[in-house]
Amino acid sequence: MLNYVVRRLLQMIPLLIGISIINFTIMHLAPGDPVLLLSERNATPEELARIRALYGLDEPIHVQYVKWLGHVLKGDFGRSFVDGRPVMDHILERLPYTLYLNFIVMIIIYLVAIPVGVISALRQYSKFDHAVTFFTFLGQALPSFWFALLLIYAVGIKSNWLPIAGVATIGVNVKTSGLWATILDRAKYLILPVTVVSLGSMAGIARYMRSSMLEVIRQDYVRTARAKGLPEKAVIIKHALRNALLPIVTLLGFELPALFSGTAIIETIFSWPGLGLLSMRAIFQRDYQIVMAMNMIGATLMVLGNFLADILYVIVDPRIKYS
Amino acid sequence: MQQKALKDFSYLLEVKDLKTTFYTSDGRIPAVDGVSLTVKPGETLGVVGESGCGKSVTALSIMGLISYPPGRIEGGQILFEGEDLLKKSPEEMRAIRGNRIAMIFQEPMTSLNPVYTVGDQIGEVLQFHKGYTKVQAQEKAVELLRSVGIPEAEKRVKQYPHEMSGGMRQRVMIAMALACDPKLLIADEPTTALDVTIQAQILELMKDIKERFGTAIMLITHDLGVVAEMADRVSVMYLGRVVEEGTASDIFHHPRHPYTHGLLRSTPRLGQVVARLHVIPGVVPNPMFMPTGCKFNNRCEYATEKCRQEEPQLATVDGIHSVRCFHPLDGEGQVI
Amino acid sequence: MQEYLVEVKNLKKYYPVKAGIFSKVKAWNKAVDGVSFGIYRGETLGLVGESGCGKTTTGKCILCLEEPTDGEVLFEGKNIFELDREELRHLRREMQIIFQDPYGSLNPRMTVGDIIGEAFTIHGIASGKERTEKVEELLEVVGLSPYHAKRYPHEFSGGQRQRIGIARALALRPKLIVCDEPVSALDVSIQSQILNLLNDLQDKFGLTYLFIAHNLSVVQHISDRVGVMYLGRLVELADSDELYSSPRHPYTVALLSAVPIPDPDVRKKRIVLEGDVPSSLNPPPGCTFHTRCPRAVEECEKIRPEWREVSPGHFVACHLV
Amino acid sequence: MAVAEKRTSPNNLDQNFGGEALTLKPESYVRMVWRRFKRHKLAMAGLYFLLAMYLVAILAPYIATQDYRAVDPPNRLKPPSREHWMGTDHIGRDIFSRVVWGSRVSLSVGFVAAGVAVTVGTVIGAVAGYFGGWVDDVLMRFTEIVMSFPTFFLLLTIISIVERSIFNIMLVIGFTSWPGLARIVRGQFLSLREQEFVMAARALGASDARIIFRHILPNAMAPIIVSATLRIGSAILSESSLSFLGLGVPEPFPSWGSILNTGRTYLRYAPWITTFPGIFIFLTVLAFNYVGDGLRDALDPRLKD
Amino acid sequence: MYRKLASLVAVILTIAVFVTGCGSGTGQGKEGTGEKPTKGGQIVYGMTGDPVIFNPILATDTPSAFINERVYSGLVRANEKLELIPNLAEKWEFSDDGLVWTFHLKKNVYWHDGTKFTSADVKFTYEAIKHPDYTGVRRTDFKPITKIEAPDDYTVKLYLDKPYAPLLSKLTIGIIPKHIFESTPIAKMKENPANMNPIGTGPYKFKEWQKGQYILLEANDKYFEEGPYIEKVIVKFYQDEQVMLAALEKGDIDYMGSIPADEIARMEEKYSDRFVFKELPTNGYDYIGLKQTNPIFKDKRVRQALMYGLNREQIVKDVLKGYGTVMNANIPPVSWAYAGDVLNQYPYNPEKAKQLLEEAGWKPGPDGIRVKDGQRLSFKVLTASGNKEREAALLIAQQNWKEIGVEAIPEYIEWSVLCSQYLDVAKFESYLLGWSLGLDPDCYLFFHSSAAVDEKGQLVGFNDVEFKNADLDQLLEQGRTEMNQEKRKEIYVKVQKIINEELPYVFLFTRNRVSAMNKKIQGVVWSTLGPLFPEKWYIKQ
């Protein structure tokens, strides 16, 4: 097992290097020189050259890459071109919000999607199943921003207690208002974004769970469990569900990067100060350092997520053993 | 009349005119269409037939494991110790399944849940039916494993199914089936997926069990050799019906139904070299397009017009030997 | 002395088992471990053994569908592993295969006509109407009807599909057909049809069969000579009659005794072998069968028994014979 | 060998009762899929809807009542009326005509993007899965790299650096969404190349190309078709998301996404601008999902015999 | 650079804050009620986007400028008439030759951290801008200054190489504290933490920044002037204008700087009891720049035909909902230098346009588009994606021009690409964008021939259309050096006449924005710059 872990970790290295090269190349081949964007329109070539040197953009691209990689390995993603602050500061101040929103979304998705998927599998082709299918497809088919705006107008403005944008009421915190009032306040802000985000992603997991469950209840060992005379509940929960949940573990690994990268559009609409917004703006401003850091961290998390999923799989599924 | 009286007293299991039908997207499939079987206490009944003859469906019907959709039991009775299982509530059936009737399946590789240890899976039966505690159940599981000939049972009980070979797993399945000391063990092709040397082990084990516990066995198989070796009595099935029924010796030495006869002759036998095998012409008809009259008429060399018009009933020809044929053979391969 | 059509010499097929941090080859799965035998022109050589004994791999190596680790296969005296692409393509016309699984061995997206006729297309033998005619002819040879050519495999029953598989194998008029468990998946009544068909075709076309199966009765029925394999090695090879009447290797003896006889009144003394077949990943040293052999002696654990001819045409690999 | 008889389980009936199937009327695979597909009522409804949409797209010049580009500022933001069935937008363009023409843009964005994704994914997956070894290693590492980028940002990044034309948008959406399919196809190829019918083709001396195109690919089509169907829907959604950020199909070409985006500002008092393209996006994606679902059921290998 | 100010994700065009002009602003509240301002309360502003950096010499974006305006003070500032009035400087005088400007600073000024404000801070600020390592966008503004002297703590002397009138308006820029910024080299000024936690001299102290959510400012009790009265200033950031509008309706915010034109009528009708709605003309305009060197546009008659052939009144009426004015030259009505009626108004007249095109030799071709010497009268119009009003205007132009046989092909390009690939290298046929202007009417950098492309192909100023006119060059040079406003106005009227005739641009319109302010806020002074003097506002009791 340890061997396997080490091997998988080592395999990540070329992968991450490949990612970093592509990442770096895309950004540096992009038209829209950040120096031109940052400087005055009538700056002289000498002035531009000076600024370019200040930002270290005057060197050949491979030198820039090596330097950048060197810093990244030390955990330093450089500073934003636009405001000069360390990229990590930018990311770290946004990360909690993104994690917060997506974590809640994830919990809700799993809490709802798993039972829903299981029930619709058990009652395949029932009314419930059709309704679930419809709602999951609906969630996938609705353009999320449209749905979000409709929600804001339909619910947010009409009801006074449901805030439409932001994270919290200014001044409401545990010190001033007490724990419960604070929690209630935060919860109110979560309702709309969480609804929009979860509706879209719930579908996938519910469908996945449904088909996984359908697959499992056809298995011989489920028939064996029934033949043993076990109550249906035990058959479903102990024998079928446990196996059907195994592949979901892999999905959890994939959720990790999703937790990080956030949902740019939803963040725009609900003024949610997460990473999605940050990276979107950075892309438009050609703030290379931030974009590269975001891509790099996102990709690393993706790779780690995959790795974690594999390891989790080994842990939860006794069949899989690695030498 | 006399027979009826006999049945009432001596049959552990009596299946009467069972009809199980599947409704698939392609149409209605009468998988079991009026099957009658009997199993006496302590006896081994061999149920033989080719694929699609309904033997497994019969077993699942007895176990109450036909799920709707697509399957549905549409008629008949399944009397187990005199009680009609078809009239039982799901809870009552559960109390019987795995407890008084147990079943083992063809695929030992997939019939065990991969995520639980074999000890857990055996113990579970005891916990549910006998109210054992987990610890007691584990102890008993070790004992059961030992009794089905698994060496190092204490170690094995903590292993997962994938850590065992096919033969070993089938032993585990048998141990699990025996956990509650069932009156009837239904074995659905228990050795089909196993190699011949392992098959021999399992067959020995089953014989041993029958002797030790007096468990009645309903052995479902397509392998005439296995039936010959194991069964006291044999029911031959074809297209959802029993076409012939009798003692093993009768069936093998004096087959009355042309199908049984053909089947026996078309099987190559070890040590007997024939230049050319006998052939039953044609293939089993699609159950959705069942022939009228005798279901075997289109493959039967003796079929007459009557066979194509009318379906024969299962009738006693010779004491306890019954056959479903208008023109049964005389037992020596000749049409009467 | 008859002439060998195929001669297999010390054939080995090891699959690497990778493990560790750098995917180093940790072990070898010795699927076939030094097998030698010959197939006479026009005969049927049966190859029996339990699952994982290497009989199928042997068959695939003979057909050049697997690259062997070592050894050679001489087809009409030429080592097939030394052929170049074009020669190999040509060789394909000489030998064909029939598979076990009537469901997996036919491409479900092709019509029966295409499946059978593909051989003609690949080798540029016939096309268009000529091809259709040849296909129809083949269908009739294997007992199907010409109109079946337009149908898809899923419309056929197992036995019929096996016939299609046979027709495909026959299309190129090969000299050798490797029959890899051709009747194992079939019902008894269908099995006999196919076995008879194979017999008829052999007579008609002068075919040579390598008949691989686990069912000893079937092998006995169809084979002129029979080889018994255990854990990647041949343990015994002899004329069918001789092997069945006087087996020499303890494994053959046990195997034969394990076969249930469809006669309830015959109660023979059975040798029940203990335990399972060991893994081919780590086969026991010496005679691989020693772990289960009721007669094993110390020598068996250490020295690999030699493959030798104990009586004319009867080969055994056992220290005790 | 281990398998002697196919097991009988209630869910596996087709196989066991296959019997003399030839008494059935002959049926090609396509026909069988179609027969199965027809049973899925919602999928059929979806199919009809899509056919109708494609008809609209093809016949756009005849269906549209007005020039989709024609601005008419005095008649801006007019609610649906007899003249403007879906009202007008902020510069008086006829929404109905734009939605009709938009079906062309949106459906072709969906189609081409999905086509690109499917082509790239299939080729890479097929080559990796069929040849295995180092080819597989290299291709799969590359796939993983592309997969590792947060998809939407990658899409945004690339869109923001290329010239914004419908064609580029199609390409970029396509080129950022192939890795999932590549993996599926690879998996299919890995398992199919071990199938006996492939072995049989090799034994006949078939070339690699023949094996790939005649034998493996047709059998790997089911997930490819399903995935292509679903991807069309998601490409339409991707385009609308890009439109939301002002990076979608540029004016004056109408895509449903860009009409929706135009109307976003006027959602409150001119809801018709967004309602109609919104509904069409929604229904079209829904229809693709249902058709995909229906196809999945119809092509499901478990039901296949 | 101003163009860059027009916000990167360009959702709305908000006026830059350091800009001025000459508008009609009226005080409100104080004289109306006559009540005495009281301390306390809070005001919540809504803004779109996110601020970047709280350093007036580095900031380029609207939200940052908005905060900087409250936290920092400049030497001078503009009043509602857009006159420059004292701020940190008490008074100032120019030498007769206009080359030495002396500023006398107020003495009671303290930085928010308690340090005394002195002339050294001013010198530091201006020298930082002039430093070669300076990475901001104000260098051009301060180019005429050759030397800065601080003879004593309360005097600053600026030496100029030649008289340069527009300079005074540039001195509205906030002064940054030397004692905080001197620790970092100029090249690394962006990295100074004070950029994120600014210390200024303005009426409000920077208190808290929840990134992406809000900024909290608190009243500076030691402010050197009257006020501030309102205790807390909260600036909430929204990423979507529609959502911000919804927030305004809900009462989440007290102020929104620019209500979307289409929403104004409804808002006024619905919420006039809660909000004061103010229509404010802006100091900027939208235009279609025509590459003067392009053969198509070389002929003046073609440019004029494009003006006549474009229904600009309709664009104002329908795109801006009437909240705007048609422009005929480069100085908007809010400026004191606005020429007004003396200019050719170019009323919509397609016939005249056609006639002009005919005269210029462009005859209708087979597809209706005019042709001359085998060349079609067809050109691309680039614009940045995302601005709906501009997109709409462009579509109308496309249609209008088609009627006179001119084909305009709109192309929408992402902002940073548009800048770096097309505008900054002066490569395009035409483009539609807008300018946000400075307080001074000086437009040397826009239209002077030396601000076009130099011999190396480098764009020197903002004259990317490469307009060259010797008379205009001379006038523009004069306008800069003339210090008298009356005389300057005459010069700039002439400038406008030339531009109105020669048309380097197809001038479109200037916008009026409508701001909403909660009625409870009193003492607001409105101007084209928005609500002025926040320190004097107070909450109605």
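Every residue, even glycine, has its Cβ placed from backbone N, Cα and C.
Automated prediction, rather than curation, is the source of TrEMBL annotations.
Computed from a predicted structure; not experimentally measured.
The annotation transmembrane segment is assigned in TrEMBL to A:12-30 (among others).
Summarising the annotation, TrEMBL assigns domain 'ABC transmembrane type-1' to A:95-309.
For A:99-122 (among others), the entry in TrEMBL reads transmembrane segment. Within its own chain, the transmembrane segment (A:99-122) has Cβ neighbours under 8 Å at 128-129, 132-133, 167, 190, 193-194, 197-198, 201-202, 205-214, 217, 236, 241, 244-245, 248, 255, 258-260, 262-263, 272, 274, counting only residues six or more beyond its boundaries.
Taken from TrEMBL, the feature transmembrane segment applies to A:134-155 (among others). Here the transmembrane segment (A:134-155) has Cβ contacts under 8 Å with residues 162, 164, 192-193, 195-197, 199-204, 206-207, 263, 265-266, 268-270 of the same chain, all six or more residues outside its ends.
Look at TrEMBL and you will find A:161-183 (among others) tagged as transmembrane segment. The list of residues near the transmembrane segment (A:161-183) in space but at least 6 beyond its ends in sequence, with Cβ under 8 angstroms from a Cβ of it, reads 97, 100, 152, 155, 189, 191-192, 269-273.
Sequence annotations record features per position, and here TrEMBL assigns transmembrane segment to A:190-209 (among others).
Summarising the annotation, TrEMBL assigns transmembrane segment to A:256-278 (among others).
Sequence-distant contacts of the transmembrane segment (A:290-316) (same chain, six or more residues past either end, CB-CB distance under 8 Å): 1, 4-5, 8-9, 12, 15-16, 19-20, 23-24, 27, 68, 72, 77-78, 80, 87-88, 90-91, 246, 249-257, 260-261, 275, 278-279, 282-283, 322. According to TrEMBL, the feature transmembrane segment maps to A:290-316 (among others).
Here the transmembrane segment (A:190-209) has Cβ contacts under 8 Å with residues 101-102, 104-105, 108-110, 112-114, 116-118, 120-121, 132-133, 135-140, 142, 144, 147-148, 151-152, 155-156, 162-164, 244, 247-248, 251, 258, 263, 266, 269-270, 272 of the same chain, all six or more residues outside its ends.
Taking Cβ pairs closer than 8 Å, the transmembrane segment (A:12-30) reaches residues 61, 64-65, 68-69, 72, 286, 288, 291-292, 295-296, 299-300, 303-304, 307 in its own chain, all 6 or more past its ends.
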